[in-house]
């Protein structure tokens with residue numbers, strides 16, 4: 001299976017998952033608006049998402065894949081999988097226990113500036129979402145097993161179950177049901193990936209030396225990067241009520257193309273580069289082009305249509321016109337750094353694939369230092385949009401750092417991708433005033449896609465040709 005076919009399989013699964021996530025956010029915004037109630041919900045899922053990112057999309061998958069793919073037979077793979085489940089499973093169970101016993105303390109860590117009402121509600125919700133921590137860890141292990149066997153579609157699809165759980169919970173009109181649905185949906189996602197009848201769990205701690213060496217290096221990198229998320233949440237908790245909700249809703253939109261395209265390319269790159277020998281740098285150059293081909297036009301499109309897109313998706317029910325304007329400003333700032341986040345993640349995965357974890361760790365330290373500093377400066381001067389801008393600037397700095405260290409070769413086709421994206425953005429801006437309302441927004445998006453595909457075809461950008469060729473098979 002070629003890298004573009006793997007990327008498309010992962011992207012398709014992720015697309016369905018992210019679309020259900022978008023529906024989830026629309027329903028959350030419509031039901032609760034940018035309110036203290038929704039703020040409390042987001043506080044309750046901060047830590048489970050932190051662990052999902054470090055395990056499923058970071059330390060666990062990187063360390064697990066690097067070793068699992070080198071093992072020769074099923075017995076070795078089964079023993080290694082059991083050892084990881086045993087050792088880290090006990091750690092997650094302890095975390096769940098502490099979260100259930102001290103939920104108010106957890107809420108206070110993640111939302112220092114929130115009022116007592118928000119913290120108390122968040123504490124109640126944490127008791128419902130905490131079990132997700134162990135669930136998502138076990139899910140992440142089997143997610144990695146599937147990816148190691150080049151099965152990308154189903155694992156990428158499974159996060160949709162948690163989204164569906166939240167959607168169903170919202171139908172009851174109580175945020176507690178939404179939190180419960182979050183955890184129940186996560187359990188459903190795990191059950192789908194479990195290899196019933198093909199894997200027998202045997203408690204063991206054997207053979208984890210190299211895994212932990214890779215895991216802790218990568219985990220520290222990911223943990224440092226996620227500290228910025230906690231700082232984002234804390235700074236937002238000192239701002240106007242609903243600011244955290246606006247940031248979360250806007251960031252989910254910016255993460256939509258990042259998740260469908262950026263994470264897809266990075267995930268496939270980790271698997272491919274882990275097996276690379278002399279063609280490592282050539283493969284990396286190819287993945288850089290693929291990443292930019294998909295994320296650069298997404299970035300420009302989100303900036304050009306930020307308010308129109310927010311209004312189309314969230315401008316209903318309890319979500320006010322003022323909420324729309326504030327969210328659009330936040331989305332614009334996030335979109336500035338979208339392609340740089342994708343490239344930073346890709347270059348970090350390239351280091352992990354070669355079992356070198358120090359450089360991405362220092363790069364993440366830089367990103368975190370810049371982000372935290374700018375969070376405080378811009379967050380308290382610009383408001384919620386300043387927090388988003390801080391994220392973009394910090395990842396630009398991290399990308400520059402990794403580029404200077406790794407010195408990857410960039411394909412000349414990047415100029416063509418930039419030109420096609422610029423033409424697309426210009427056309428959207430010129431036509432924006434001629435297409436009114438939500439239907440007009442949909443037409444503008446379709447026109448943008450058409451223009452980008454057309455100019456990619458005229459400029460003979462290979463990524464488009466490969467996608468069209470694979471899509472026809």
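From the backbone N, Cα and C atoms, a Cβ is placed for every residue, glycine too.
Copied over from Swiss-Prot, here are the features:
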type     : residues : note
TRANSMEM : 31-51    : transmembrane segment
TRANSMEM : 90-110   : transmembrane segment
TRANSMEM : 125-145  : transmembrane segment
TRANSMEM : 177-197  : transmembrane segment
TRANSMEM : 215-235  : transmembrane segment
TRANSMEM : 253-273  : transmembrane segment
TRANSMEM : 300-320  : transmembrane segment
TRANSMEM : 327-347  : transmembrane segment
TRANSMEM : 360-380  : transmembrane segment
TRANSMEM : 382-402  : transmembrane segment
TRANSMEM : 414-434  : transmembrane segment
TRANSMEM : 439-459  : transmembrane segment
Selected stretch (most C-beta pairs under 8 A with the transmembrane segment (90-110)) from 31-51, 215-235, 327-347, 360-380: 31-51
Closest-packing stretch to the transmembrane segment (414-434), where packing means Cβ pairs under 8 Å, from 31-51, 125-145, 300-320, 360-380: 300-320
Range from 31-51, 177-197, 300-320 with most C-beta pairs under 8 A to the transmembrane segment (439-459): 300-320
Interface-richest range of 31-51, 125-145, 177-197, 300-320, 382-402 toward the transmembrane segment (327-347), CB pairs under 8 Å: 382-402
Selected stretch (most C-beta pairs under 8 A with the transmembrane segment (382-402)) from 31-51, 177-197, 215-235: 215-235
Beyond the flanks of the transmembrane segment (31-51) by 6 or more, those residues with Cβ under 8 Å of it: 92, 95, 99, 106-107, 110-111, 114-115, 117-119, 121-122, 125-126, 128-130, 132-133, 136-137, 170, 173, 175, 178-179, 182, 226, 229-230, 233, 237, 241-246, 248-249, 317-320, 323, 326-327
